[in-house]
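Taken from TrEMBL as is:
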type: DOMAIN; residues: A:38-437; note: domain 'Oligosaccharyl transferase STT3 N-terminal'
type: DOMAIN; residues: A:539-588; note: domain 'STT3/PglB/AglB core'
type: TRANSMEM; residues: A:41-61; note: transmembrane segment
type: TRANSMEM; residues: A:135-152; note: transmembrane segment
type: TRANSMEM; residues: A:164-183; note: transmembrane segment
type: TRANSMEM; residues: A:190-206; note: transmembrane segment
type: TRANSMEM; residues: A:226-248; note: transmembrane segment
type: TRANSMEM; residues: A:260-282; note: transmembrane segment
type: TRANSMEM; residues: A:288-306; note: transmembrane segment
type: TRANSMEM; residues: A:318-344; note: transmembrane segment
type: TRANSMEM; residues: A:379-400; note: transmembrane segment
type: TRANSMEM; residues: A:407-424; note: transmembrane segment
type: TRANSMEM; residues: A:430-450; note: transmembrane segment
type: TRANSMEM; residues: A:471-489; note: transmembrane segment
Amino acid sequence: MSEIAEKIVVPDTAVTANENDTTTQKDGNCVSWIQSSLKTLIFIAIIIASISSRLFAVIRFESIIHEFDPWFNYRATQYLVNNSFKDFLNWFDERTWYPLGRVTGGTLYPGLMTTSAFIWHALRKIGLPVDIRNICVLFAPAFSAITAYVTYKLTCELKDEKAGLLAAAFIGIVPGYISRSVAGSYDNEAIAITLLMATFMFWIKGLKQGSILNSSFAALCYFYMVSAWGGYVFITNLIPFHVFCLILMGRYTSKIYVAYNTWFVIGTIASMQIPFVGFLPIKSNDHMAALGVFCLLQIVALGDFIKAKISEKKFKVIMWVSIILIMIGGIAGLFLLTYLGLIAPWTGRFYSLWDTNYARIHIPIIASVSEHQPITWPAFFLDTHFLIWLFPAAVFLMFMDLKNEHVFIIVYSVLCSYFAGVMVRLMLTLTPVICIAGAVALSKLFDIYLDFSPIFSTKKTGTTKSSVMTVLTRALVSASFIYYLYLFVHHCTWVTQSAYSSPSVVLPSQNRDGSMAIIDDYREAYYWLRMNTDYDAKIASWWDYGYQIGGMADRTTLVDNNTWNNTHIAIVGKAMASPEEVSYELLKEHDVDYVLVIFGGVLGFGGDDINKFLWMIRIAEGIWPEEVKERDFFVNQGEFRVDSQASQTMKKSLMYKMSYHGFPDLFPNGQGQDRVRQQVVTAADVEDLDYFDEVFSSENWLVRIYKLKDLDIEGRDLSDFAEFEKSKNTKRSSNKRPEIDLRV
Amino acid sequence: MLLSKLISVCLTTLLFKSTLTLAATREDLAIKAQKTTNGIIPLDDYSFKDILDGPRDFYLVALLTCTEPGVGCTACFEFNPVYEMIANSWFQDHKDGISGLDPSKALYFAKADLEDASAVPEIFKFYNIERVPRLMFFTPGGSIHDYNLLNLPQQKANAGAREFISNLKIAVGINDYQVHEPRDWSTIIITSISTFIIVYLLRKHSKIVTGIISSKYIWAILSCAFIVLMSGGYMYNKMRGTPLAGSDSNGNVVYFWPNEFQNQYGIESQIVSVVYAALSLCFLALVLGVPSLADFYKGSASGAMIITVISAVLVAVIYILFAGLSNLFGIKSPRYPFELIKISSLLA
């Protein structure tokens, strides 16, 4: 696979160079024919490269939906395919967030599902009945090809086609984008980046030409984007900010007026048609910038008109007075409206971008998501390789040109590099601009150094020696950068296959002899649930696994990855953190039949529930500070231990008991070696479960499922009953023992 | 009569003796603390055994530090004001050192400072202290030898005090412990003066100022510097308060946290940002500098030579820096196969 990608992408630059040479020839007709056929060829190559490098996951594992959120999207798509669109929009899902249910149709972004349902229907119409799962799995790679084309168009607006082709090749294989668009990663981002680029492309076209048509297209793409991803707020703020900068720079023209007003009016009205968005565009502060710039533009246009009619001196007075009045009025109005509650306060996710400590203090749910963590420098390098150091240089070069469209790229770069630094997931929006800027810079370099014409025209430049020198210099510089391009392809392929192609539902690992082993515990457990439990059984688990249980096991869950109800999540957190008898009562109140925990101690899987346990405690403590206390789970110096030194509260908690139930017995002398936390858990540490029965543990004990015992028919307390049974019968049930071979 | 007097004398002497030999009481410490300005009880050669000896019914944090300039303990100097703030925060609300919410818990702070290298305080010899600063934590009930060593807070200044206090709250089990940050007048004064100067300059030299503000070069340099800073992972350091550098098991300084993709030291972003900036500058020199140089030397024979040499040097510098960068990445991600060259192998 890696070879294919190399062969395809590296020649691109060479071909671009040929093109460069050929343009100097006179035979225009022939040249343009060659050019366009070469361009087509290059595009086919880029498309093949970008799709094929995203198929590692399918080839290594199988055609399967990845991770967590995609499982919900997949389930919703299935619903849409099996029901009408109207049913879909009115879908009330009673099988999640039990007993509340979720108004799913009104709380999701339908763009992704409708697109794949549309593709499914269209393919059936032309006689290709493809399984909806395969459409969903291959959705992201297909859209990445479109992204490459749109990026090409966008870069053409900034420089020329040469830069465009480079940008398309970069965006096709850059890991920062692949990370969210491998086959099987059926997530909103898969389509959103395409739409992001399309919106920007049409916006710049509309701005350059002052064209209503292009701006309307930008608005339509924006509408599509709103329907597909919550990150549309980025566009809502970036385009107004761009216009604002242009006005500040004194670059106001009627073209800007036409483009912005068209985009804003159509885009806003269209976006309000999405049920989940509704009246947010005129209420929430996230959207206020767009509205403000809209008003500002009207004022500037008026000012422009007045300026043409009266003397400059008079105009200056009018300008200053009106500016001050408007500023005072605007700020006062904003405060008043917020104060009266007519416009919503800043939403938490948005606020956490500015005050970096906000989330940690106020919203543990947001802080607990690993996507919302700040980013380290190796992550930047991993995702963009040499483009990351080309990026600042490229921004500097943009400043040298500084047309309106370059201002856009500069604004985008500066803002987004801050956002990406604060939140890992926004790396995804930064990557395209890094590719575009890098391509522009590199193509500038190639314009200068990949031009070997002096060798053919020795007469003009003088001596042959100096022309040989010039060519030598150029060859050296271009060769070194073509080598970096070659390295870039290798890097991207390596990163894609080693870091981003794991479905995370199925875990790859190695046996002791180095052969590949696949750990399929999740699906084993979910399938067990599907086959062995009642259709109406309610499963309690931490919210991370809600979508997967809904999608793969088709059972009702208490909480899932759509973290809309903090209290409900806190209930599960409290149940996990409390002693058995409290949890039992709480879970019984919520009709729970089974409790599912993820335990990585046998396998050495770090992302298990014990490691996430602190967040459960924190979230529960936020609601019941009296009953759940974080510090009770620590030993003296704020250490979080699970071995014999663990705190009593920790050992009594349901999560601990369920994770380590029977674990020490797997090891000789009952010295359970926890491979994640590198601590020894002995049989004396793990107390018996009186209220729960272990019903299933997967092959490597990654997933453990417990059933709540029925209430005793004689009305005894279950712990007393267990005591009584124990005294009667000392025989212990033998557990199925997983192999505890070393696995890497 | 006589007997009762005798008994009472005996009792008082006994009591007196017991207070002498046994531990200090809460009252003693409260009085000692109130005598000081910041609530930190000094541990001098005569009193430290009385103060620290058990069995006690309070918690006590003792700092052994060294502010003798000759020793050059920067950590001591950095931590001293933090410690004062920690102690002061407690004593502002609790004059007697006893928790208001939970009177069974009391907390005191003490300090011994090696200010003069010629006179080492007894307590340093008593505990065989070889490294400063040391934070000792005495819990109720134990003797003079029963203590835990606490780690210094990882963050600096006020953030460090907050971190320490929140840990201390957990360790002692008290809730009514507020952080009182002293109002920093210097920043307010500096801000107001600089605002005044800026406004004055703006009015006086408005032409120059507008020239600077509307200069695209200044904006370009600022934006690029910002981007370089961000892509070096600066925000991570800021939000996590990472230490500047770490040390390995032998106590050597480590600049790059090996094998840790999710973590970094502060100095890592600084080094990486410098490398990024240098690479960008070389690239700009190739794209902008060399062509304008070529225009300058147009026609002269030596010009081509000069340009060739300059370009070759730039290409070499870019290669070396990029190789270094991939090497650094190799430290963070050991299985990375595309290190351009091993710099270490070149040096060897």
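Quick reminder: no glycine exception, Cβ is built from N, Cα and C everywhere.
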Against which stretches of its own chain does the transmembrane segment (A:190-206) lie, if we need a Cβ under 8 Å and a gap of at least six residues from its ends?
111-112, 115, 139-140, 143-144, 146-147, 150-151, 153-154, 157-158, 171, 177, 180-181, 212-215, 217-218, 221-222, 224-225, 228-229, 231-232, 234-235, 239, 258-259, 262-263, 405, 408, 412, 428-429, 432
I need to check the long-range neighbours of the transmembrane segment (A:226-248): which residues 6 or more away from its ends have a CB within less than 8 Å of a CB in the stretch?
109-112, 114-115, 188-189, 191-192, 195-196, 199-200, 203, 256, 260, 263-264, 270-271, 274, 277, 281, 286-287, 289-290, 292-294, 296-297, 300, 350, 404, 407-408, 411-412, 415-416, 419, 429
For the domain 'Oligosaccharyl transferase STT3 N-terminal' (A:38-437), what's the model's average pLDDT?
88
Give the residue counts of the domain 'STT3/PglB/AglB core' (A:539-588) per reduced DSSP state, in the order helix, strand, coil.
32 helix, 5 strand, 13 coil
Please report, as numbers and ranges, the same-chain residues at least 6 past the borders of the transmembrane segment (A:379-400) whose CB is under 8 Å from any CB of it.
170, 174-176, 179, 406, 409-410, 413-414, 420, 424, 427, 431, 434-435, 437-438, 440-442, 444, 484, 487-488, 491-492, 495, 499
